[in-house]
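Contents: one structure, followed by commentary.
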């Protein structure tokens, strides 16, 4: 048995899980929230439903990593740090340089830092944590698991933009996608639940959280995905606009007398469900107010509309669909949302079982027995996918 630590780091959070492998048992999990502030919060769940929480100053990433390893020992989760035999790190941007997860060496770490211009909010922090854990756990393999590597199988027809090709060749201007680790996990897990090889299925996975994306999977590989050069592209999201005419972006920047970075910030943080509803980016708030606020109802309708359009285009791309999978916050918990989406996909043979669909975040098949398309809820587990890759590669 081996203990593998999975790290999912953001600029102000550090999510972690410790697995016993290969049994895939969760030994402990938790997070450090509000990093960089005076009231950072460390939480852990471990053992027989034991919970631990503390508030203290965690002002640097070094402090966060050190605190995590210290608490693992002090709480008795591990007796010695050398019990940890591998660490896996989520890395958002792998560009074209990384078509698979890999054990990190200095050259690879430099490349991850170089790719920061493609994922400026994530790569620098995630690369830094790799460096920190390498120092704190000397000799322990550090494995980077890239969000983008699942999309290395996309054909040029699906990843290239219709712009002068010198921009792709010189600057790497192309679709990279995101949420790849989540889509990869739920696709494989759905195939396991159905008892059918993934390679024999035409599957569409819907990662519907505050950030949302859709991926088409055929012959066991991703063939297209809704997010693009950045996670701003694709369907309407919590605060992101999704697809938009770029001329409108320039037009609005001029009218508002703001810079292009300021305009992009609006599209990333003030648009989507929040922008349309003028209330909230949270699907639950919109569902609660839809009956009395037309803008809330409109935001929900637009979201469903965009999802259905992408699913329809992917069905055409793959010349059919066998399986539809819902995951992430709204996808796992939103029974009404799932019903609204599937109702508009009835033309493809999608039919829900109303009773089976009335669940929250529970792994199950929710399609009717006579549905031509299998519909499932599969709660995502990026950390487990990371741990599996560590075991495969270290």
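Glycine is no exception: its Cβ is also placed from the backbone N, Cα and C atoms.
Here Swiss-Prot flags 147 as active site, proton donor/acceptor, drawing on sequence analysis. The feature ATP binding site is assigned by Swiss-Prot to 15, 207, 208, 209, 210, 211, 282, 283, 284. Summarising the annotation, Swiss-Prot assigns substrate binding site to 90 and lists sequence analysis as the type of evidence. Here Swiss-Prot flags 179, 240 as site 'Transition state stabilizer', drawing on sequence analysis.
There are 22 other Cβ atoms within 10 Å of the Cβ belonging to residue 90 (substrate binding site).
When the Cα of residue 179 (site 'Transition state stabilizer') is compared against those of the recorded positions 90, 147, 208, 210, the shortest separation belongs to 147. Over all protein chains present, the Cβ of residue 208 (ATP binding site) has 25 other Cβ atoms lying within 10 Å. Shown in sequence order, 210, 238, 273 are the residues of the chain, 6+ apart in sequence, with a C-beta less than 8 angstroms from the C-beta of residue 282 (ATP binding site). Taking every protein chain shown into account, 15, 179, 240, 284 are the recorded positions, and of these the Cβ with the most other Cβ atoms within 10 Å belongs to 179. Each residue contributes its Cα atom, and for residue 284 (ATP binding site) and residue 240 (site 'Transition state stabilizer') these two points are 17 Å apart. For the pair residue 240 (site 'Transition state stabilizer') and residue 208 (ATP binding site), the C-alpha distance works out to 13 angstrom.
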